[in-house]
Amino acid sequence: MSKQRDKGRIYEKRRAKFQELQKKIGITFQNEKLLIQAFTHSSYVNEHRRRFHEDNERLEFLGDAVLELTVSQYLFQKFPHMSEGQLTKLRAAIVCEPSLVKFANALSFGELVLLGKGEELTGGRTRPALLADVFEAFIGALYLDQGMDVVLRFLGQTMFPKIDEGAFSHVMDFKSQLQELVQRDGSGTLEYAILEEKGPAHNKEFVARVALNGQELGVGVGRSKKEAEQHAAQMALETLRAADKQ
């Protein structure tokens, strides 16, 4: 009887955690079993064969495809002047394992994962590959339960703002994008200049400007001249995009 009571407490505690997650993200699953499945590792299923559990591997497969599509759509619309090669490179950086782990950790997904005892003892709860898989499985479950619009809304709260904030700017060659745009339009010559160097030698900060035919398009700041020029080019692209919309 006490074992049953213990199991009941564990179940209720687990259910409360999943309800807390739903409240946190502002989404209520119609089928909560799908949500729990997204966090169920194969090691847990192997140790609980008497009760029917399904692991998250199929949901992970689906979520991977949904992420590829949604991120591709977002980048296609967000960066109209970016080449196919650059879009592919940026998407790869966004959906790679280290990035997905960061998104999973931001939502404390590791605390919700159902693991077998062996996997738990070997640190599975914080294993990067496992957390990335759980994030993909969650996206798969969300898609099945709520549809694409809700997936896009969720990513609009968690993933897309990071893109807008420049979290992946290290793989984005803004100077090349700007050069291609100017060449395509035949609008003139780009010139970069370092306006200012600030700070001590070990912690320099550079301010760069990019101009088109002598007219300033953007100013950027960076820890190196190259980084400052990239940020200036990024600002220039945003200026030109805003002008296109008017």
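Numbering starts at 1 and runs along the chain as it is shown here.
Glycine is treated like the rest: Cβ placed from N, Cα and C.
According to Swiss-Prot:
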{"type": "DOMAIN", "residues": "18-147", "note": "domain 'RNase III'"}
{"type": "BINDING", "residues": "GLU60, ASP133, GLU136", "note": "Mg(2+) binding site"}
{"type": "ACT_SITE", "residues": "ASP64", "note": "active site"}
{"type": "ACT_SITE", "residues": "GLU136", "note": "active site"}
{"type": "DOMAIN", "residues": "173-242", "note": "domain 'DRBM'"}
Determine, to the nearest whole angstrom, how far the Cα atom of ASP64 (active site) is from the Cα atom of GLU136 (Mg(2+) binding site).
-> 5
Among the binding-site residues GLU60, ASP133, GLU136, whose Cβ has the fewest other Cβ atoms within 10 Å?
-> GLU60
Residues of the domain 'DRBM' (173-242) by DSSP state, where helix covers H, G and I | 33 helix, 25 strand, 12 coil
Across the whole of the domain 'DRBM' (173-242), what does the mean pLDDT come to? Round it, please.
-> 89
ASP64 (active site) has its Cβ surrounded, within 10 angstroms, by a count of other Cβ atoms equal to 19
Excluding GLU60, ASP133, GLU136, which residues of the same chain place their Cβ within 8 Å of the centroid of the Cβ atoms of the recorded Mg(2+) site?
-> ASN56, GLU57, LEU59, PHE61, GLY63, ASP64, ALA132, VAL134, PHE135, ALA137, GLY140
Three-state composition of the domain 'RNase III' (18-147), taking helix and strand from DSSP | 96 helix, 2 strand, 32 coil
